[in-house]
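Database features (TrEMBL):
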DOMAIN    8-189  domain 'Glucose-6-phosphate dehydrogenase NAD-binding'
BINDING   10, 11, 12, 13, 14, 15, 16, 17, 44, 87, 88, 150  NADP(+) binding site
BINDING   180, 184, 218, 237, 343, 348  substrate binding site
DOMAIN    192-489  domain 'Glucose-6-phosphate dehydrogenase C-terminal'
ACT_SITE  242  active site, proton acceptor
Ligand code: BG6
């Protein structure tokens with residue numbers, strides 16, 4: 001049931017503008033939302049309903065997948081939007097909000113459901129939750145759900161505190177913690193590909209897989225987020241959440257049922273099996289951290305991290321990190337998971353590469369040729385697809401063997417018009433499907449893992465490498481794999497000279 005009043009805190013902010021209004025509009029256009037909904041935009045600055053609807057229109061024009069014109073359809077959509085200026089410390093304001101919510105509920109026949117979306121700084125989550133209760137907004141005949149954005153804390157103690165504040169008001173099952181990577185089409189496809197194809201499961205273990213590589217590379221610097229980022233760094237900004245979540249999706253056991261709790265239980269088991277680093281020597285041996293200096297990105301000179309706005313000129317915050325992670329269970333014992341992420345790298349891409357063990361080297365073909373291992377690659381972002389790399393005879397040659405790729409390019413099939421992560425996640429939250437939201441125990445375990453690394457890095461301050469913007473990060477990250485006899489596979493396309501077979505959907 002998606003009938004709901006969306007109460008959107010942070011309605012004039014960037015997230016609302018870029019992601020949330022366009023997502024609501026797409027859901028409406030695709031008839032996933034129906035007509036029994038209302039959106040109340042909440043922020044401090046004064047705005048009339050008309051001004052607010054104008055802002056929403058502009059954001060949809062700029063960022064939505066669907067074109068919008070100021071016609072009848074737009075008018076009937078915009079009618080569902082209202083704005084209220086609110087001081088989040090003022091309980092009286094929340095009481096007024098409660099009355100406005102009831103009025104809109106009645107007008108659009110919503111039936112009592114409330115979805116509170118906090119696109120706000122996490123320090124405010126506790127206060128807002130309390131005032132929602134004090135203002136009477138939770139006294140309703142329908143459901144009430146809280147959707148919150150990352151960062152969920154700075155470390156385990158701060159996350160625990162935040163969680164305790166929220167849980168004084170909301171039950172765990174009503175808290176929807178967003179990790180927008182879990183809303184991405186290809187991240188959700190990991191489970192489908194693994195569990196809906198009989199050929200993969202028998203191979204999905206340490207007997208056949210030599211290593212797994214997860215790369216989240218970005219070309220952007222810290223942009224205008226220097227203030228937040230300098231306090232956070234790559235490990236907290238991407239590692240604790242997106243990267244460990246993707247790792248869990250790759251490593252988890254098949255769930256006994258497809259219910260959100262069963263799926264999340266399996267992810268928790270992966271987090272519990274992570275091999276924790278015992279001391280700073282282990283952290284040093286298994287992680288690499290770096291910070292970008294000035295460099296050249298596609299012919300354009302860009303400043304170094306320490307010259308970015310709102311960044312401390314002596315900052316030792318990492319803008320890059322790589323790690324070798326082990327999942328100590330029967331399936332994965334001995335298989336390294338290499339993860340890396342960084343800002344100001346040469347391309348924007350998210351890819352997961354599964355490298356299979358090579359054929360035994362005393363078998364006749366591998367005696368004569370240097371065979372490349374098979375790779376299964378999930379291309380998550382911005383291009384979506386899957387490709388599989390194998391060895392084949394070069395046509396017309398005298399037995400030469402070349403790597404070829406079977407490439408299923410999903411973006412080529414559906415265009416770049418696949419639903420945005422936020423569309424899926426908003427829709428899921430409104431219909432009560434929490435599968436792709438992070439449960440508290442996952443968040444807590446991920447912090448525990450990351451806190452060990454952060455603590456060792458603090459002690460070991462000379463471990464920060466630098467890398468020029470526009471390069472693939474510190475050389476030490478190449479070494480990390482070379483020590484094990486591996487290398488990072490090139491991302492964003494195939495190696496040169498490779499033959500590609502395209503797959504078309506039937
Ligand atoms: C966010 C991080 O969670 O993810 C950003 O805070 C990062 O620093 C972003 O740029 C990347 O998301 P995407 O979807 O563009 O890969």
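Positions of Cβ are set from backbone N, Cα and C atoms, glycine also.
Features per TrEMBL, on structure.
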residue	record	DSSP (3 states)
10	NADP(+) binding site	coil
16	NADP(+) binding site	helix
44	NADP(+) binding site	coil
184	substrate binding site	coil
218	substrate binding site	coil
237	substrate binding site	helix
343	substrate binding site	coil
348	substrate binding site	coil
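With the fewest other C-beta atoms within 10 Å around its C-beta, 14 stands out among the binding-site residues 14, 218, 237. Every protein chain shown contributes to the tally, and the Cβ of residue 184 (substrate binding site) ends up with 24 other Cβ atoms within 10 Å. Taking the Cβ of residue 348 (substrate binding site) as centre and 10 Å as the limit, one finds 13 other Cβ atoms among all the protein chains shown. Annotation: 242 are the recorded positions among 10, 12, 14, 44, 242 whose CA atoms are within 10 angstroms of the CA of residue 180 (substrate binding site). Listed in sequence order, the binding-site residues among 88, 237, 343 whose CB lies under 6 angstroms from an atom of ligand 1 come out as 237. Within 10 Å of its Cβ, the residue among the binding-site residues 10, 16, 343 with the fewest other Cβ atoms is 10.
Around the Cβ of residue 180 (substrate binding site), 19 further Cβ atoms fall within 10 Å across all displayed protein chains. Across the annotated binding residues for NADP(+) (10, 11, 12, 13, 14, 15, 16, 17, 44, 87, 88, 150), the two most widely spaced Cα atoms sit 22 Å apart. The DSSP secondary structure for residue 88 (NADP(+) binding site) is coil. Non-local neighbourhood of residue 12 (NADP(+) binding site): 41, 43, 45, 47, 55, each in the same chain, at least six residues away, with C-beta under 8 Å from its C-beta.
For the pair residue 88 (NADP(+) binding site) and residue 343 (substrate binding site), the C-alpha distance works out to 34 angstrom.
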